[in-house]
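Here is what TrEMBL records for this protein:
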ACT_SITE  Glu77  active site, proton donor
ACT_SITE  Asp217  active site
ACT_SITE  Glu310  active site, proton donor
ACT_SITE  Glu331  active site
BINDING   Thr421  Ca(2+) binding site
COMPBIAS  557-572  compositional bias 'Polar residues'
REGION    543-572  region 'Disordered'
Amino acid sequence: MFYHAFNGYMDNAFPLDELKPLSCSGEDTLGGYALTLIDSLDTLALLGDRERFVASVEWIGKNLRFDMINKTVSLFETTIRVLGGLLSAHQIASDYATGMRVPSYDNQLLNLAEDLARRLLPAFDTPTGIPFGSVNLLHGVDKDESKITSTAGGGTLTLEFGVLSRLTNDPIFEQVTKNAVLALWARRSKLNLVGAHINVFTGEWTQKDAGIGTSIDSFYEYLLKAYLLFGDEEYLYIFQEAYSAAMHYLYHDPWYVEVNMDSAAIVWPLFNSLQAFWPGLQVLAGDINPAIRTHAAFLSVWRRYGFTPEGFNLASLTVQHGQKSYPLRPELIESTYWLYKATRDPRYLDAGRDMLASLQYGARCACGYCHISDVEHHKQEDHMESFFLAETVKYLWLLFDLAAGPDNIVENGPYKYVFSTEGHLLPATPQISLVREHCLYYGAYCRSGDLRQTYFVSEADKDKHESNDSRIYGSWTKATYSSEYPTSEPSAFSGLIKGFCPGLNHGQTFGLLYMHPNDEHRDHETVQPEEPTIVQSHSVMLLPAQNSDRSAPDSGNDVNDSQTSGESDVTS
């Protein structure tokens, strides 16, 4: 399946972005930079196709240039498809341990990724820190660019930008994306729900429908995965709060609905095809039982029509008008893989076989696989998204390879991997997941000098001496990237912590409330700056935030001592 589509693209569409599989031609859909090839790189490596992987890496390194592309592109799609594809392939091509080391490789993909990311940075220059949805690769943000963006668009950038920061030793990429996540979370409702669309200048929600599908889905996904990959407990804390609220207000066993973020009133009893990633995320969080029930419900829709429509009305139990298409989405297959990995229940192999058969008999066409424009009549459309090769067939292959006795870098390789929302492989190497420890090893190479000081330790901490067993949750040093929103300087939000105190909740421990200072819904009274509080018995020192109008921590937001990320060998 992969090679039928990949060869169809290379023979008929390359170097255009995507394949038109019915007419056997190509089209530029995102930026005109061989999108499908970039999106397919780590799948080639995963399949062990060394020859094509090497040839593809070398071609991209020699021919791709972003300084020649005068196009306005989606920040979200460019990040997850292009930036993620380049970073994943870089880490495979540069590492002998993967078995796919490219002899001629000299960080060309990493250099391209850094160049691309810097061209995306102007999108983050907003009063809230939440980025614009689109940016021109040559000229920055267009003057007429919409100020409305989706929650997923602003909150699904942390993995790719965070990995880039760790590979380049430049904190700006991770800083701006984490600021965006904190800015979105600070504007949540009293119910700990977030809406679908927000104004990046005013911070006002323009669409208050809360759900786990369209426009919000991967916001939840990257909260947990950023914790798994980077070990940043702030992401885990936010995920725990957000997940708990979603299960309380959105979950109508086994389905999920959309509700008003303020009142929790149901506004949309709809199964959206993008919701199908959720059972897989629940596996990573260790919440298996609801994942099993929800997956069974979603799979019943697939088996009813042969594919999952973009929308299925739960009130009438019919395909939602205007949402009858299936654009080769991978989410249900992804969840099937994770549930099989967690349970080894053969029912998920049966599900995978059914979905594979649907694609083979309903979507396969002359040069690749076609969109299905109407799941009720299986009408084909002349388009194939790049994510079909990056995700859909990848998760199918991983599912059956795992059952047959896995022989691939994900299951048997030198690292554990976190999958991006585009299905790209992000390895938990010491350089990525243990940056501080990595640079403490004797002989470790950190190009920007003392990384422990410039990268992870706040200005307030630079003059202080630490004991060997203390753990410091410092903030980034002051950003050189301007923004009026307070989170552009995380040091204004975070305190200096030494050790752990079991009696403090997460908000107290980190000195964080995660609420916007001007939030009209806030119930807590503000506190004035006071002297640092030192708790001698637990070796904890809290420094109050620099903002005088920050709220006192909410004692009701206690964090359960048992973390939700109860993965064993499942870490991605």
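Yeah, the Cβs are placed from backbone N, Cα and C, and that goes for glycine too.
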- Rounded to the nearest Å, what's the C-alpha distance separating Glu310 (active site, proton donor) and Glu331 (active site)? Just drop the number here, would you? 12
- Task: Please work out the number of neighbouring Cβ atoms within 10 Å of the Cβ of the residue listed as 'Ca(2+) binding site', leaving out its own Cβ.
- Result: 25
- Task: Could you measure between Asp217 (active site) and Thr421 (Ca(2+) binding site) for me? Cα positions, answer in whole angstrom.
- Result: 10
